[in-house]
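Peer 1: Take this structure first; my questions come after.
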Number of protein chains: 2
Amino acid sequence: MKVFHDIQTLRVFLDDIRREGKNIGFVPTMGYLHEGHLSLIEASVKENDITVLSIYINPTQFGPDEDLDHYPRDIENDKKLAVDAGANVIFIPDHHIMYKNNHVTYVQVNGLTHQLCGQSRPTHFQGVTTIVSKLFNIVQPNRAYFGQKDAQQAIVIKRMVMDLNMPITIVVCPIMREADGLAMSSRNTYLNPEERQQATVLYEALQKAKALIDSGERSSKTVKAMMTKLIHTKPSATIDYVSIVGADTLEDIEILEDNILVALAVKIGKTRLIDNLQMEVLAYVH
Amino acid sequence: MKVFHDIQTLRVFLDDIRREGKNIGFVPTMGYLHEGHLSLIEASVKENDITVLSIYINPTQFGPDEDLDHYPRDIENDKKLAVDAGANVIFIPDHHIMYKNNHVTYVQVNGLTHQLCGQSRPTHFQGVTTIVSKLFNIVQPNRAYFGQKDAQQAIVIKRMVMDLNMPITIVVCPIMREADGLAMSSRNTYLNPEERQQATVLYEALQKAKALIDSGERSSKTVKAMMTKLIHTKPSATIDYVSIVGADTLEDIEILEDNILVALAVKIGKTRLIDNLQMEVLAYVH
């Protein structure tokens with residue numbers, strides 16, 4: 001496996017790969033890899049000749065009071081996990097390489113970025129789309145892999161790629177979960193044992209929402225009320241949002257129908273966790 | 001010469017060109033070609049194996065009261081001129097191909113786009129950077145060519161390419177002028193004979209500014225006052241701006257020094273014309 005820290009050397013290496021007619025798969029991450037990331041690498045390895053992993057804790061997607069300084073990192077372990085999963089190249093740029101002092105250019109996806117996570121994190125998605133654009137232009141992959149865990153991120157990036165005609169296929173891979181259902185996240189490491197146990201309420205709320213919808217419930221309000229009530233049974237939980245939106249528009253819906261996204265963000269203690277469930281709902285026939 | 005109207009067919013054609021190891025030069029235009037455009041094509045032909053010209057009147061760079069509907073067009077003549085200048089490929093997309101109904105993604109270069117032309121055309125540069133990003137992703141050129149006539153546009157695009165790590169070299173070519181000094185522009189066709197004659201005042205003002213600076217003047221205010229006074233001698237002229245800015249920052253400067261851009265936009269009758277002069281100024285030694 002090759003490790004690159006600067007853009008120009010990586011470009012030269014990948015230009016050669018492309019000249020050989022090989023396909024490049026790309027998995028952008030902020031490191032502290034878990035099985036969710038590894039499933040993206042494995043998906044890329046299956047579909048491409050070369051898989052590039054990037055590890056970069058992108059400051060522009062963190063708000064002023066968020067956990068940028070404390071975001072967990074373990075580069076040496078990441079390298080081991082990545083090579084075991086089949087990655088061929090790791091790109092670990094320094095901050096001063098990614099953002100020059102006079103950086104002023106941002107990519108914005110309007111209409112899909114102010115709601116859900118965008119409500120409490122107003123500059124988050126602009127940071128994501130900008131760094132992903134930069135990384136795409138550096139790596140120039142054929143395919144790039146993102147997790148369904150960050151559902152809004154995946155939808156925003158797919159829209160960006162379509163709107164800007166980026167010559168890249170976006171592949172979204174399923175959420176990976178712990179045995180008790182908690183969605184894997186680098187931030188799970190922040191949880192103390194008690195919080196860790198209570199954190200399962202996110203998945204539990206989604207499962208109960210699914211059961212309710214499967215049983216015929218079509219009122220968004222009713223489903224969200226049930227989820228909210230359940231989450232409030234956990235003393236360490238504070239709800240950021242519990243939303244049901246159209247999976248294409250990300251706009252709130254009242255009557256559940258077609259392709260919907262049930263999404264939630266809950267603080268467990270000081271740790272903000274997200275989870276979601278995308279499902280196709282048939283119109284209810286009386 | 002090949003003419004393409006849809007993105008996918010063009011992509012397939014250019015992918016083959018790239019696979020042969022050939023370099024692609026790109027000249028994005030809004031058509032109604034004049035010698036300014038042809039000089040860009042010729043520069044590209046010299047430096048690349050294949051030159052792609054695009055002709056697309058991009059609506060997102062026009063304001064609501066601007067001349068989108070009346071922008072001059074003559075595709076058949078453009079094709080003849082382009083092939084004579086050596087272009088190999090022309091891309092002429094329809095509007096519905098370039099912007100889908102649900103288009104929401106924009107590229108913004110903050111700090112360089114609110115002043116000069118951005119002051120009276122507040123959404124202009126966002127439209128330019130977005131369409132140029134799209135065209136770059138479609139054509140994936142090695143080099144792209146822009147005219148110094150649109151000085152702010154060239155500076156904004158160079159910054160965008162640098163900030164987003166686009167793998168493209170931006171080449172800026174000199175302003176082409178009519179015999180009497182008027183900068184070539186597709187919009188010159190709007191001028192009636194009397195206006196056409198008065199329009200030379202833009203270049204005249206720049207020439208006099210240069211002479212004044214060359215003679216030792218270092219006060220931006222004094223130079224701009226001379227230019228303004230001169231332009232006001234033409235009854236059909238209305239000044240949009242007369243500015244002297246740092247050529248990198250585009251911020252107003254009071255004392256002329258280093259790399260400066262003297263830029264102006266003047267309405268001659270109803271036609272808005274721009275011109276500029278970039279020059280290196282030595283600090284004045286008493």
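Placement of Cβ uses the backbone N, Cα and C atoms for every residue, glycine included.
Sharing the record's features from TrEMBL:
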BINDING   A:30-37, A:147-150, A:184-187  ATP binding site
ACT_SITE  A:His37  active site, proton donor
BINDING   A:Gln61  beta-alanine binding site
BINDING   A:Gln61, A:Gln153  (R)-pantoate binding site
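Each of the listed features needs to be described in terms of its position in the shown structure.
Peer 2: A:Gly147 (ATP binding site) falls within a strand segment according to DSSP.
Long-range Cβ proximity for A:His37 (active site, proton donor), meaning a same-chain Cβ under 8 A and a gap of 6 or more residues, is found for A:Val27, A:Thr29, A:Leu81, A:Gly147. A:His37 (active site, proton donor) carries a helical DSSP state (H, G or I).
The Cβ of A:Gln61 (beta-alanine binding site) lies under 8 Å from the Cβ of A:Thr123, A:His124, A:Phe125, A:Gly127, A:Val128, A:Ile131, each on the same chain and at least six residues away in sequence.
Residues within less than 8 Å, Cβ to Cβ, of A:Gln153 ((R)-pantoate binding site) and separated from it by at least 6 positions along the same chain comprise A:Phe125, A:Val128, A:Phe146.
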Peer 1: Mind giving me a neighbour count for A:Gly147 (ATP binding site)? Other Cβ atoms within 10 Å of its Cβ, every protein chain shown.
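Peer 2: By my count, 22.
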Peer 1: Which of A:His34, A:Lys149 (the binding-site residues) has the most other Cβ atoms within 10 Å?
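Peer 2: Buried the deepest by this measure is A:Lys149.
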Peer 1: Kindly assign A:Met30 (ATP binding site) to one of the three DSSP-derived states: helix, strand or coil.
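Peer 2: In the DSSP reduction, A:Met30 (ATP binding site) maps to coil.
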Peer 1: Enter the number of other CB atoms within 10 angstroms of the CB of A:Met184 (ATP binding site).
Peer 2: 19
Peer 1: Would you mind checking how many other C-beta atoms are within 10 angstroms of the C-beta on A:Met30 (ATP binding site)?
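Peer 2: The Cβ of A:Met30 (ATP binding site) has 18 Cβ neighbours within 10 Å.
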